[in-house]
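Trainee: Just lifted these from TrEMBL, have a look:
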BINDING   Cys535, Cys538, Cys575, Cys578  Zn(2+) 1 binding site
BINDING   Cys544, Cys547, Cys562, Cys565  Zn(2+) 2 binding site
COILED    151-178  coiled coil
COMPBIAS  228-237  compositional bias 'Basic and acidic residues'
DOMAIN    307-473  domain 'Helicase ATP-binding'
DOMAIN    567-724  domain 'Helicase C-terminal'
REGION    192-237  region 'Disordered'
Amino acid sequence: MSDQPMLDQHKRVIAEVIVEVPARLVDRTFDYEVPPALEQGVQIGSRVIVPFGPRKTQGYVLGLKLQTEQSEQKLKEVEQVLDEVPPLSPELIQLGQWMSEEYTCLTIQALQAMLPAVLKSTTTKRTVTNDGKQQVVYEVEDKVTIKEVQVVELAVTQEELENKLSELHAKAVKQREVARYIASINFGGNTSQSLDEESAARDEVSSGASAEISIEDRSELSKASMPDNKRDRTELEKHREILQVQRVVEECQTTRSTIKALEQAGIVRISKQELQRDPYQHRVFERTQPLTLTEMQQSVLGKITTSVDEQEFRPFLLHGVTGSGKTEIYLQSISYVLKNDKEAIVLVPEISLTPQMVDRFKGRFGDQVAVLHSRLSKGERYDEWRKIRDGKVKVAIGARSALFAPFRNLGLIIIDEEHEASYKQEETPKYHARDIAMFRGQYHQAPVILGSATPCLESFARAKKGVYTLLSLQERIFGQELPPVSIVDMREELHAGNRTMFSKTLHELINQCLEKKEQMVLFLNRRGFSTFVMCRDCGYVLQCPHCDISLTYHKSNNSHRCHYCGYTQPKLHECPECASDHIRFFGTGTQKVEEELYKHFPGIRVVRMDVDTTQQKGAHEKLLKRFGDHQADVLLGTQMIAKGLDFEKVTLVGVIAADSLLHLPDFRSAEKTFQLLTQVSGRAGRHKLPGHVVVQTYTPEHYSIQTAAQHDYEAFFNHEMQHRKQRGYPPYYYLTLITFTHEDLPFLIKESDQAVRWLKQQVSPNTLVLGPAASAIPKIKDRYRFQCMLKYKDEPQLAHVLSGFLQKHKQLIEKSKLHIQIDRNPQMLM
Ligand code: ADP
Ligand code: ZN
Ligand code: ZN
């Protein structure tokens with residue numbers, strides 16, 4: 001059972017500690033002696049304070065042993081253990097070590113990525129005078145602030161209570177009242193009721209129809225609307241529920257000193273208790289029951305539960321159109337896992353972690369669910385995390401980082417919308433959730449489900465090869481048709497004299513929609529990313545002849561450049577295809593569309609949702625609620641409105657410009673366009689009202705737009721695979737992106753050039769090394785950016801080569817501030 005060596009009382013124990021100092025030089029463990037007083041507390045995975053050089057530093061115990069190779073005298077001691085339960089399990093330590101190799105990051109960075117931010121130390125610097133010498137010391141500040149509250153409970157049995165009360169001074173009326181109130185909450189209103197009867201009554205209450213309201217809500221309800229006798233009945237729920245002193249003071253309109261007096265009389269006990277914040281405590285979740293599955297769903301579920309029974313690691317790809325009942329399958333798979341006394345993790349992309357999604361999981365599993373999303377405060381996040389660590393919940397649902405939920409007996413991992421780019425972390429460690437899921441699934445011998453209506457090419461290719469087991473749901477639950485999609489050619493609009501951003505078709509449909517008092521979703525790709533150049537007359541887009549991606553305009557030297565290979569050509573003034581001078585940058589912002597809507601449709605009510613309008617905590621929910629309550633006709637936004645939303649009255653979906661996505665300088669742009677168009681189309685006509693989708697584009701013939709309009713994933717997949725094969729992109733080749741940044745451009749050019757030359761000699765001859773070339777975003781925060789791309793089929797030693805590469809350039813990195821970032825299987829190539 002135990003991962004710790006048998007500890008002999010007489011031998012000293014040595015802890016291998018990795019410190020929170022993010023530097024390659026100290027990316028290893030150091031040995032510390034564990035003083036006898038801490039032997040109980042120091043475990044594998046413990047967070048500890050150790051002396052490190054002249055300072056004190058926080059670190060993690062990665063191993064325990066009885067002997068050290070370091071010279072005996074010099075061993076320093078562990079000074080402090082910070083948590084009662086170690087935050088890292090042996091599994092997570094292993095995972096961290098694997099991540100540091102796989103993603104060439106520091107082990108400490110990988111470990112920190114798994115833990116809530118509050119556990120990270122902040123060191124404060126102080127200067128002290130020691131024997132007349134000035135010395136700098138660093139001190140670790142423990143940021144974990146645990147809120148404690150005073151609670152009160154009865155210290156006597158029911159029978160003793162009346163005796164005790166009669167012992168009180170005759171005038172202590174208030175004290176008696178308060179004591180009875182506390183008793184009523186501890187034992188229910190009727191103090192003569194026996195315990196057995198009570199618990200029977202309690203069970204009855206909790207199995208009743210209204211039983212699924214949480215305790216907090218219940219007490220709110222009771223205060224507000226129930227007569228006193230009913231109130232007592234709901235208070236039965238609170239049997240042995242520990243009461244906050246503050247609440248007693250409020251409810252009984254008394255003071256703390258009254259309660260204090262009761263404590264002195266031996267009637268109640270006052271103590272302190274940790275307060276856990278629950279961000280959902282004021283929400284009522286209506287309990288839902290499992291639906292009767294369709295035959296198709298049943299067969300899919302059966303495969304998953306079999307794999308749970310067999311306790312084997314098995315990756316599934318669940319390919320199902322929107323509305324085909326995937327989520328219901330997730331819910332029932334989780335139920336099955338919970339019945340087997342195991343735990344489950346569900347990942348959903350941040351933007352679809354909407355209240356609607358949370359409702360479905362909370363509705364089915366109630367308090368067994370922890371929700372982790374980025375809008376939680378650090379404290380709230382820490383509380384949710386602790387609920388998982390302490391086994392108080394069995395299901396974690398959240399964005400990317402929820403994958404590190406410290407469960408110890410995982411039975412299932414689900415990644416919904418598995419194609420989403422947000423599953424890739426763009427900061428160090430640059431990991432992909434899919435890889436982590438596979439690691440944990442293997443560790444626990446548990447199935448992993450990747451679900452999507454539009455799987456990424458890599459995943460679908462793996463499923464076709466049998467690496468993943470393909471599960472397919474090709475019909476919507478109620479057999480609803482997917483909505484018809486009209487593709488509008490914006491070149492023709494221009495030729496017909498329409499220079500507005502709304503085509504004639506879209507204009508008419510918006511008017512109809514307004515007349516019928518229905519709602520619409522208008523979609524625009526991200527805010528004005530306008531570096532590609534397009535001809536408005538013929539739709540021509542300037543591309544790299546070698547890489548098949550759009551060229552990026554660089555203002556600094558008035559040229560168009562490919563940031564994969566460095567190909568450059570001077571700025572164009574007319575279209576090479578049709579000689580029109582309508583050739584210009586492309587891109588419109590959501591704000592501009594909003595203005596145009598007001599101009600062309602007087603009185604229209606618009607909810608705009610983009611990065612600007614959703615910064616504040618809760619803004620996202622508020623805007624959606626406004627739209628959901630039909631206080632607006634239009635929901636206008638970027639990516640974030642593309643998925644997960646389900647509004648009954650939405651009958652029209654308009655894509656203002658499909659091209660801005662299609663021509664991003666990224667080899668995945670066609671795939672992303674297909675995915676996005678499929679997702680937004682799924683927003684229309686989900687219920688009784690029939691829907692319509694309009695896609696405006698300058699390249700209507702493009703296969704990603706055509707196949708999306710036909711809702712034909714396989715056709716898209718086949719076409720795109722051809723493309724990838726020809727151009728040598730994933731899934732036929734693997735990619736690794738190396739980005740160099742520096743403030744001084746000539747220095748950057750020289751050093752990146754040399755570095756890449758060195759790299760070319762280390763990799764196998766079949767590996768293509770492209771660049772260095774200026775990145776698509778050539779400068780960020782005054783640092784110039786160059787990149788080098790590796791393309792390879794088989795390079796088993798690459799992780800090793802790359803870590804050697806960083807080692808070799810250590811000096812440049814630390815002294816000259818040349819930053820080198822390595823991204824394995826990059827999602828963003830900018
Ligand atoms: P997906 O996740 O594939 O988009 P959902 O699981 O959300 O699909 O299902 C779409 C809708 O159909 C939801 O409203 C869901 O409650 C309903 N649904 C799913 N499965 C069933 C079923 N077996 N019987 C009845 N309704 C179902
Ligand atoms: Zn042209
Ligand atoms: Zn190129």
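Note: Cβ is positioned from N, Cα and C throughout, glycine not excepted.
Nobody curates TrEMBL annotations by hand; they come from automatic prediction.
Since the structure is predicted, the reported quantities are computational estimates derived from the model, not experimental observations.
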Trainee: What's the most sparsely packed of the binding-site residues Cys544, Cys562, Cys565, Cys575, Cys578, counting other C-beta atoms within 10 A?
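Mentor: Comparing Cβ neighbour counts within 10 Å for the binding-site residues Cys544, Cys562, Cys565, Cys575, Cys578 gives Cys578.
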Trainee: Please list, in sequence order, the residues in the chain of Cys538 (Zn(2+) 1 binding site) that are at least six apart in sequence and whose C-beta is under 8 Å away from its C-beta.
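Mentor: The answer is Arg491, Cys575, Glu577, Cys578, Ser580.
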Trainee: Taking DSSP as the reference, which of helix, strand or coil describes Cys535 (Zn(2+) 1 binding site)?
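Mentor: Cys535 (Zn(2+) 1 binding site) sits in a strand per DSSP.
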Trainee: Using the alpha carbons only, what distance in Å do you get between Cys544 (Zn(2+) 2 binding site) and Cys535 (Zn(2+) 1 binding site) once rounded?
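Mentor: Here the two Cα atoms are 16 Å apart.
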Trainee: With Cβ-Cβ distance below 8 Å and at least 6 positions apart along the chain, what are the contacts of Cys547 (Zn(2+) 2 binding site)? List them in sequence order.
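Mentor: Counting only residues 6 or more apart in sequence, the Cβ neighbours of Cys547 (Zn(2+) 2 binding site) under 8 Å are Cys562, Tyr564, Cys565, Tyr567, Phe667, Arg727.
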Trainee: Tell me the Cβ neighbour count for Cys535 (Zn(2+) 1 binding site), meaning other Cβ atoms within 10 Å of its Cβ, over all protein chains shown.
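Mentor: I get 24 for this one.
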Trainee: Checking the binding-site residues Cys544, Cys547, Cys562, Cys565: which ones have Cβ within under 6 Å of ligand 2?
Mentor: none
Trainee: In the predicted model, what is the mean pLDDT computed over the coiled coil (151-178)?
Mentor: 83
Trainee: Can you tell me which of these binding-site residues sit near ligand 3, meaning the Cβ is under 6 Å from at least one of its atoms: Cys535, Cys538, Cys544, Cys547, Cys565, Cys578?
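Mentor: The binding-site residues passing the 6 Å Cβ test are Cys544, Cys547, Cys565.
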Trainee: If H, G and I count as helix, E and B as strand, and all else as coil, what does DSSP give for Cys575 (Zn(2+) 1 binding site)?
Mentor: coil
Trainee: Other residues with Cβ within 8 Å of the Cβ centroid of Cys544, Cys547, Cys562, Cys565 at the Zn(2+) 2 site?
Mentor: Pro545, His546, Asp548, Ile549, Leu551, His563, Tyr564, Gly566, Tyr567, Ala773
Trainee: For the recorded Zn(2+) 1 site, enumerate neighbouring residues of the same chain (Cβ within 8 Å of the Cβ centroid of Cys535, Cys538, Cys575, Cys578, site residues themselves excluded), in sequence order.
Mentor: Arg536, Asp537, Gly539, Tyr540, Pro576, Glu577, Ala579, Ser580, His582, Ile583
